[in-house]
Amino acid sequence: MGSTNSTLLKIPNVEVLMQETGFSPAHIIRLHDRFKALDKEGRGHLCPHDFGAIKELAMNPIGDRIIGAFFSPGKETVDFHTFVKILAHFRPVDKDRPKEPNSPEPINSRSNKLKFAFQLYDQDKDGKISRDELLQVLRAMLGMQVTDEQLESIADRTIQEADLDRDDTISFEEFRKACKHKRFTMFRFCIRPGERKLMLTLCHWSSELQDQHEL
Amino acid sequence: MASSVYLCLLRAVFLVCFVNPLIQGLSEDESVFQNPHHQQEENLTGLPIVTFKWHHVETPYLVIIWVFVAGLAKLSVVELNHHVISVVPESGLLIILGFILGGIVWGADRAQTFKLLPPTFFYYLLPQIILDASYFMPNKLFFSNLGAILIYAIFGTCWNAATVGLSLWGCYEAGVMGNLDIGLLQFLLFGSLIAAVDPVAVIAVFEEVHVNEVLFILVFGESLLNDGVTVVLYNVFDAFVALGGPRIDAAEIFKGIFSFVVVAFGGSFLGIGFAILLSLLTRCTKHIQIIEAGFVFVVGYLAYLTAEMLSLSAILSITFCGICCQKYVNANMDEKSVTTVRHAMKLLANGSETMIFLFLGVTAIDTEIWVWNTGFILLTLLFVFIYRIIGTFLFTWMLNKFRLVPIEVIDQVVMSYGGLRGAVAYGLAALLDEDKIPEKNLMISTTLIVVYFTVILQGITMKPLVQWLKVKRAAHSDLKLIEKLNNRAFDHILAAVEDICGRIGDNWWTRGWNRFEENYISWLLMKPKARKNRDYLFSIFHKLNLEDAINYVSEGERQGSLAFSRSDEAANVDFKKQFGSEFADVMPNIMVDMSNYELGIEHFSVTSIVKDTIPSVSLDIHGQDRKNAMDDINAHHLLQQHLYRSRKHHRHKYSRSHFSINQNEDEVQEIFQRTMRSRLESFKSTKMGVNPAKKITKHHKKELTHKMPNGHPDGTGHLYGDEEVEGLCVFLPHLIEAGIENPVFLPDMDSPTHSPPWLMETEAVAPSQRAQRRLPWTPNRLRRLAPMRISTCSTDSFLMADVSLTLEEHEEHSQTDHVEM
């Protein structure tokens with residue numbers, strides 16, 4: 001227990017961080033360990049190439065976008081606080097958290113989670129997913145054997161489906177509405193709590209969907 | 001399809017029908033004429049031109065005939081109607097086919113001539129299966145779950161053996177089974193042999209139901225180790241039975257437990273010792289590569305036999321030998337030998353597995369072994385089933401208190417249901433000594449029934465069960481495109497964030513071990529060269545590039561001419577150097593290695609590419625494609641088919657019959673290649689700012705973008721369409737220039753790190769055509785493509801809209817870069 005405390009003490013403003021993110025001390029220590037492991041040169045902050053060194057990310061079609069999400073525009077580095085705050089998006093929604101009317105929305109709220117996903121599409125940060133942006137995501141996520149024409153037609157249809165105000169882009173509001181559809185009520189996009197157990201839960205519906213395709 | 005299947009079946013049946021009576025008839029002959037050799041010699045009146053010498057070849061002939069029949073059986077089973085295959089697991093079908101074959105043999109002989117004898121099984125059939133399973137074990141997964149696996153394998157097995165044995169004994173004492181000559185020790189012995197969960201049966205079934213990888217490794221690892229533990233336990237109880245009840249006191253029991261520990265761990269350590277020996281051996285086989293593959297098998301078998309000789313656990317020995325050596329052996333051996341080992345290993349394991357299941361069926365058709373005792377058999381079935389469930393839940397409950405990721409209830413159900421018994425149990429039962437255990441035949445028949453019950457019935461129901469347990473959902477046919485896309489995107493995001501957060505098992509111990517392993521063990525067991533090449537990214541990158549180069553050539557051949565690969569005229573581009581310079585700045589440390597790789601195709605004459613005949617149909621295809629795509633595109637279907645799977649859903653890596661059933665391998669490569677190239681791109685675009693010869697670069701770039709993917713990366717190959725040729729023609733002079741002036745192209749200049757930046761832009765002759773068509777659609781790339789699209793009236797112009805804008809942006813961008821630098 002003593003070591004836990006001493007590790008915690010090394011992190012500046014740890015109380016504020018825990019309050020903001022809702023992570024437990026054990027979570028913070030675990031993440032701090034990881035942060036230090038990623039920060040090979042020991043500079044106290046991470047650069048994009050630190051993330052690039054994670055080999056699994058190179059296998060992730062949208063890995064670069066996710067790396068990009070850690071860096072606010074114009075910034076080349078991310079410190080531990082920001083790192084933890086971004087990961088806090090993935091904590092489960094606290095059901096039994098006392099609702100104080102005045103408190104700000106927690107990072108891990110549903111809408112913030114969706115916002116995080118949304119900004120991965122919305123690369124130019126104008127609050128809208130344009131056709132081009134969608135195409136880029138599609139191109140990244142679809143196999144090479146899909147032709148561009150097919151790609152475009154998929155993009156068009158996708159926009160049509162979600163686009164409520166007919167401006168040929170998907171705004172965040174439209175994005176949210178599209179995701180509310182039926183099974184998206186089960187939306188879980190989070191890190192599961194538990195002392196030292198840091199774990200992501202899959203959105204249940206999507207894993208089921210996957211299974212069905214494979215069986 | 002179906003007809004060929006039946007043909008195969010027919011052939012198999014015919015073979016058995018004809019060959020067996022033949023064999024039978026001949027052996028009768030043999031018995032009638034006491035000494036055929038002698039007879040023959042006596043009756044010899046002249047020089048025989050040919051003689052029929054069956055007895056010379058009888059044993060090997062029979063063996064090989066059975067191997068052949070087993071092969072045919074496998075063939076027919078696999079090729080059988082897929083409806084049947086999807087319902088009944090292959091192992092079950094093989095057993096059923098074995099029934100048929102056994103029936104035929106029995107019909108011919110009136111006795112079962114062919115049986116699966118324990119020595120055959122334990123010495124010739126089992127080792128390679130275990131070696132295969134352990135050699136291809138997903139190590140990381142295995143060791144990160146080692147604790148749980150050991151608990152299940154050791155305590156779970158003991159639990160099963162003890163409870164089944166004791167409960168049967170209790171029921172016997174209660175008088176359920178009537179009059180049997182079995183004591184408590186014999187019941188425990190029987191319990192221990194029936195506790196063996198069979199890896200072969202388990203893999204055969206679990207491979208068909210796609211469970212998550214942790215569950216798979218738990219069940220698989222458990223069944224593998226549990227075999228070893230069972231055999232040890234069996235031997236201990238066998239010794240107790242031999243000793244006789246009255247003479248067993250506390251000291252003997254203590255000795256028994258001690259022997260259990262020694263045998264199990266001794267076997268494991270012996271295996272590790274042989275693994276070290278094997279790794280060291282492969283370190284020095286540089287000059288005899290042709291036999292190094294053989295060492296893997298020989299040393300593996302040696303580990304098995306040595307353990308058997310020392311009465312240590314042979315199964316555990318070969319298991320740990322395989323698990324521990326794989327990494328070093330694969331790194332040390334030549335790539336060809338690695339492939340040889342893989343293929344040979346799979347061949348042997350698959351073959352013996354087929355034989356085992358077939359003979360499990362054949363053996364059953366025998367009147368001798370069948371002794372029926374309703375109480376005993378049914379109670380055994382019941383206890384085996386129930387205690388497996390209780391045991392699993394009990395141990396999981398204990399494990400979950402310590403595990404980082406608790407094992408879920410559904411997984412527990414599947415685990416307990418997956419307790420399939422197989423050949424090991426039968427082998428042990430057949431090994432029983434009839435003198436000590438009078439009811440041997442009852443035990444054999446009970447074991448066989450348990451095996452059939454679990455393999456066939458549980459095997460059949462396993463898949464529906466898994467499906468049913470997971471199906472807690474409404475039908476979702478009307479999922480929208482955006483949802484589908486989001487689903488997959490979220491999967492990828494989660495996978496990525498998980499990677500960023502680090503693996504679950506990534507703790508102090510693993511890190512410490514990894515460092516130790518890297519520094520000392522690898523140093524000891526790996527070739528220095530292999531250690532250097534271990535870099536993961538590089539190895540994939542190298543593989544991809546090799547593939548590209550091969551495709552480049554075959555593409556050229558397909559186009560009807562290979563001239564471009566071996567022409568010394570005009571503008572030769574040194575492929576190797578070119579390639580090196582392009583990536584030099586990004587991966588400087590690997591470039592040194594890179595120059596060592598002879599790609600075989602060193603000179604590509606660009607002129608001949610241009611001269612190459614342009615397939616006249618390509619444009620038509622182009623037009624047609626687009627039309628079709630527009631007409632009957634089924635977006636939903638396309639999305640479903642081609643969305644990249646998230647790493648989360650990659651299945652376990654071990655497969656019985658393939659090296660990898662992970663079908664995402666291609667995808668992974670594709671994604672990886674894209675990622676690397678897009679990183680290169682962004683790297684280059686930042687480099688561009690400091691480019692001294694900016695004008696030239698720009699020029700190059702404009703020409704080059706001509707050659708960018710023209711929207712059809714579907715491999716139908718209109719590689720040399722008008723646009724490209726045009727682009728190449730303009731590009732050519734610069735290229736020649738580059739070839740002459742660039743110092744990097746000079747011979748014996750191995751360090752390409754000082755290549756002028758403008759050279760990096762000469763990607764029209766970069767590694768391969770395919771690779772170019774695969775260039776990623778990163779924002780940067782799209783912006784650069786934009787101007788060209790306009791000028792050539794390109795068809796895929798989703799960028800048309802904001803071309804001018806992006807062009808400006810691009811200019812601005814590079815300007816700012818320049819300033820920043």
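Every residue, even glycine, has its Cβ placed from backbone N, Cα and C.
Remember, it's a predicted structure, so these values are computed and weren't measured experimentally.
What TrEMBL lists as domain 'Cation/H+ exchanger transmembrane' is B:81-468.
What TrEMBL lists as signal peptide is B:1-25.
Annotated transmembrane segment per TrEMBL: B:61-80 (among others), in sequence order.
Taken from TrEMBL, the feature transmembrane segment covers B:92-108 (among others).
Residues annotated as transmembrane segment in TrEMBL: B:120-137 (among others).
Sequence annotations record features per position, and here TrEMBL assigns transmembrane segment to B:149-170 (among others).
The annotation transmembrane segment is assigned in TrEMBL to B:182-206 (among others).
Here TrEMBL flags B:215-237 (among others) as transmembrane segment. Long-range contacts of the transmembrane segment (B:215-237) within its own chain (CB-CB distance under 8 A, at least 6 residues past either end) are made by residues 130, 133-134, 137-138, 141-142, 145-146, 148-150, 152-154, 156-158, 161, 185, 188-189, 192-193, 195-199, 202-203, 206, 256, 259-260, 263-264, 267, 311, 313-316, 319, 407, 411, 414-415, 418, 424-425, 428, 651-652, 654.
What TrEMBL records for B:257-281 (among others) is transmembrane segment.
Taken from TrEMBL, the feature transmembrane segment covers B:288-304 (among others).
TrEMBL lists B:371-397 (among others) with the feature transmembrane segment.
Proximity of distant same-chain residues to the transmembrane segment (B:442-460), defined by a Cβ-Cβ separation under 8 Å and at least 6 residues beyond the stretch ends, is recorded for 87-89, 91-92, 95-96, 180, 190, 193-194, 201, 204-205, 357, 360, 363-364, 369-373, 376-377, 380-381, 384, 417-423, 425-426, 429-430, 432. If you look up TrEMBL, you'll see B:442-460 (among others) marked as transmembrane segment.
Outside the transmembrane segment (B:149-170), and at least 6 residues removed from its termini, the chain residues within Cβ reach (under 8 Å) are 142, 182, 184, 187-192, 194-196, 217-218, 221-222, 224-226, 228-230, 233, 237, 264, 376, 379-380, 383-384, 387-388, 390-392, 394-395, 398-399. Using a Cβ-Cβ cut-off under 8 Å and counting only residues 6 or more beyond its ends in the same chain, the transmembrane segment (B:288-304) has close neighbours at 127-128, 130-131, 135, 270-271, 274-275, 277-278, 281-282, 314-315, 317-318, 321-322, 325, 329, 333-334, 336-338, 340-341, 344-345, 348.
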